[in-house]
Amino acid sequence: MTRISHITRNTKETQIELSINLDGTGQADISTGIGFLDHMLTLLTFHSDFDLKIIGHGDHETVGMDPHHLIEDVAIALGKCISEALGNKLGIRRYGSFTIPMDEALVTCDLDISGRPYLVFHADLSGNQKLGGYDTEMTEEFFRALAFNAGITLHLNEHYGQNTHHIIEGMFKSTARALKQAVSIDESKVGEIPSSKGVL
């Protein structure tokens with residue numbers, strides 16, 4: 001079974017090329033021009049064992065906008081690629097849950113590849129710091145776009161933490177580990193849809 005997908009997303013605001021292999025080895029080739037976002041997506045790739053290539057350009061490079069559009073559109077493209085690569089979802093474990101201690105911060109991701117997109121996001125990032133050109137308040141928007149385009153029910157909870165970088169890093173790492181669990185194949189359920197309804 002090959003679980004690979006590629007998407008090209010071009011709008012008046014962004015240009016994105018993204019490809020993913022869900023059965024990869026954690027190889028990342030990420031270039032969005034937003035250093036902190038590249039760092040987080042590289043961590044997502046490594047901890048999920050996906051292979052991920054992203055080339056992204058946005059209007060923040062040409063007309064002086066903030067990188068809001070590119071951050072959200074990368075998440076949209078990533079979500080769509082994950083959904084497409086999963087295909088009919090036969091045999092997947094469907095659920096994933098992982099807690100990451102990131103120094104003083106503790107973050108949990110719980111997710112369900114349910115086909116019912118939803119985001120619950122509990123974290124205090126209201127200070128809207130800038131990290132490497134990345135607006136921290138965009139973190140919730142990133143995960144919302146990811147969840148709604150991948151068809152995932154996604155719960156992200158910051159239990160506690162002080163360093164914003166650590167909290168966000170914990171979110172990306174815990175999401176990666178939970179995705180790794182959820183997309184993995186349950187050898188006892190190969191060829192079966194993981195739902196009593198027979199459809200996801």
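Including glycine, each Cβ sits where the backbone N, Cα and C put it.
Binding of Mn(2+) 2 is attributed by Swiss-Prot to HIS68, GLU72, HIS166, and the same site annotation extends, among GLU140, GLU141, GLU192, to GLU141. Distance from the CA of GLU169 (Mn(2+) 1 binding site) to the CA of THR42 (substrate binding site) is 11 Å. Across the structure, GLU72 (Mn(2+) 2 binding site) and GLU13 (substrate binding site) place their CA atoms 11 angstrom apart.
Ranking the binding-site residues PHE46, PHE172 by C-beta neighbours within 10 Å puts PHE172 at the top. GLU13 (substrate binding site) and HIS69 (Mn(2+) 1 binding site) have their C-alpha atoms 7 Å apart, to the nearest angstrom. The DSSP secondary structure for GLU13 (substrate binding site) is coil.
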